[in-house]
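Below: the structure, in structure tokens.
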């Protein structure tokens, strides 16, 4: 019978690769020629031929663009009152600008693709090395790569220049990790180090189909070179990814398995699921309202037109006579046509340019976050990164913060503190008064001596920690290919590992007298206390995973004894232990956990040769599996890691990050609820929560843990906790979550993963509601022993709750990715556990402390700015189009436009868009130092408070009022004064131009009144836009334009300005339009000021006491009343200014000075609520101008 392949399993969803394109030997397996893509990378979206249709299709999929396209087509098809140019030109402008931007970006992608695809690659063919372009590389080609070269596709390592078959690789371009990773050649091929030898390899590779996970790979290699074919497993440790770079290795030989768009790097080009902010949802809701208003206006005007014309003595005005054909149309057609014509006439109420402005604001705003030098970490050399700019304003709406512990709240910089062997505690000499002293060795006992009989057990414990790990030893003589001198014939070694815990334990063992030296030729070497080298053959590594929470190794010592050493969490080790001093070790573990130390337990097991053979058979079968390999390995590990003998436990300290406690306290004061989700044991996590001020001494802790549910049923525990918290403050609101009154108990909840699983069962819907009620009334929640999927489930549960709060998740490791993707806003910390969290996040920050400014300053500012932008756009368009609606009542509903075509076209594009864009980028309604010092100001913008319906209605009614004042003010003022200086009468175009002039000045002055932070660029843009309008009107009306078939605006603007009453009318109407809003501001600020307005008033008082000759004087308007200066003093007072603000790198107008200490300024404290101002020290250096 023909044997199909070496491996027993054939997986349908896999591919077979023939190394060097050699067919397998007869009888081995059937040769099936497979087709794979070439190695061309195509990151571009368009080609020369499909750019226009494809780009147009993509742009018109947006509702707004499609809406204006329909309006434009209606204008082309029927007789409408306005020219198609009025809607076509703005649409053309938006579409063209977007197409140019996308086309340029795609041209750059084409250029980059060509550069990569034409890169020369060395390929082994017929025992010789030939050069090929990268795009011509095929699956199965054997590639020669040299040091510092970048891999052109995904490769399996066959051999390297190093004797042990390893190579070092940096994957910084893929995941941001700059450290060198070790990859391993296939054991049976690593000896082939020349072109001829590699060309003799006769093997096939079976592996999974391409998938985007960078850290997962399943395959096996079938080797037919010897008389007996063999199969070896392949994993991610054998896979070299496209985009990675070879380091500290002279050369390697590898075979291509995924090429072109099937490489993992290319598959990761796909973007994450689009997240939508609350502001975007509000904006869409407002658009629907305005669309309904538009339809109602068109319907009312159409109805009134036919009612008005129903009288026999009334018909179409003489200037709007219809042809006989039009008059003979069916009444339904005429009504529908008129309805569409009115829709076209009023369609400007929907702001076409708002979408472009919002996108530009978000795009440019994201750079201001990345330019912020206060969010730059010198230790890491990293600054904040924005992966998506669509959520800037969502940073100002966060209600729940879900944070990981290790590496997020803590430094993830582990220090070995102590170990416990059979209940006896050992502390290295290097620990003195709790401080780590490098270089010290030896140990101290802190309890009674274990006696001479326990020495063997003690040394076995130390050997277990020196062997049970995946730490690599690197020589300091080579770093990034640069050779460093070796001092005195010896090189300095250091440990590296993906787990800081492992490095801390190995270094701790060094201080206790056992030094791990290296792994060479599958043998681990240890230097013991007698300076003797012990060699152990490493047979198997049972790798760590977050589900098992443990790892193991199987080794053989020099005498032939077989050991399985296992280390892991106490909850994972204790149930598998059959002997040992469990109670003594458990007591020490719990003691250390209460102290906030990270604990691990260590156990071992003797293996007989028969047991080892059984273990090998079980593991080999699981490793060679192509389908469900992880599941089968987990089952094998579960069988192997049993009947253990407990040796002891370790304690490692992970210090809290700088300012982590201050950040959490500020988030609480800002009204946010902070949850810590961690895989650590409860006692360790609780100690960290107290240290980080998540819990306080007066916090009453409620436990919902397995220990308690063993004593009572889950049902009883939940109802007891519910009665406890609801009896105390059942009506607690979000604003009460922090800063609780003294007579109100502050509750904190602790829940573990097992209990959460019981609560989250689909059949326990009542339990979920009770659990949510408890959580709502707790100031903080700690979830411990959490699996990665459970973290995402918690976030999803809160998101789907009745209040639908805005959630933010922050973490640094791969186990945090699920909750980062689930939350409304995901933030990655640039920690030591890889960059998977950063790659999958919306924003990335170097340290947890930077979250404070990200939310309290940037989030606050961007929410305020974009809220004003949205409301202002709708307001100015109501002011713009409502006079057109009123005008129809005075022209017999004849669809006569009030404004000229040029004004209709340029109003939103040129006259009024740039000032609001600049406002939405640099406005600071409150000094950022105050926002940092008083986090409670964040509550004032909570729950999308500035885009609620009452405020939206106020802005709309304000626009209607201004429109009424403009129209009827102009109408009545000119009722008896309708002559220009030369005796000519004002016509309807002069009337419309007068209203439009008042309109442009009013909406611009309205924005100026709302601006609190003035710089010269504000003045330039705001007043410059008005100057541009006047200059354009003079040119538009002062020249006979030959390309126009009408000259109705010729000399209109000049004639209007030549009339004294026109000037008076413009001034009076502008003042009358702005008066209600000004009165409202004055009255409300005087009688019922908000906290923000109190601070603004106090800030102005402070400014009034400053010298006129401030370093920022050149940035502000000459008038004190119209400016908003920041800070005082001279450069001598701040010789080392801290360049901290995002605008500092890209604008010329930022000056630096010492920021005022508002907390010590008496007038400010008199205006502001004194209870909300903590005592502060001296003011910090800060920017005079920032964004």
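Placement of Cβ uses the backbone N, Cα and C atoms for every residue, glycine included.
Please treat TrEMBL annotations as automatic predictions, because they have not gone through curation.
Listed in TrEMBL for this protein:
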DOMAIN    33-87  domain 'P-type ATPase N-terminal'
DOMAIN    122-195  domain 'P-type ATPase A'
REGION    1116-1146  region 'Disordered'
TRANSMEM  63-78  transmembrane segment
TRANSMEM  285-308  transmembrane segment
TRANSMEM  339-358  transmembrane segment
TRANSMEM  952-974  transmembrane segment
TRANSMEM  986-1008  transmembrane segment
TRANSMEM  1020-1044  transmembrane segment
TRANSMEM  1050-1075  transmembrane segment
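Tertiary neighbourhood of the transmembrane segment (1020-1044): same-chain residues 900, 902, 906, 910-912, 914-915, 918, 993, 997, 1000-1001, 1004, 1007-1008, 1011, 1050-1054, selected by CB-CB distance under 8 Å and a gap of 6+ residues from either end. Note: the domain 'P-type ATPase A' (122-195) comprises 8 helix, 33 strand, 33 coil (DSSP; helix = H, G, I, strand = E, B). Residue counts of the domain 'P-type ATPase N-terminal' (33-87) by helix, strand and coil are 28 helix, 0 strand, 27 coil (DSSP-based). Cβ atoms under 8 Å from those of the transmembrane segment (285-308) belong to residues 64, 314, 335, 338-340, 342-343, 345-347, 349-350, 870, 874, 877, 885, 888-889, 892-893, 947, 952 of the same chain, restricted to positions at least 6 beyond its ends.
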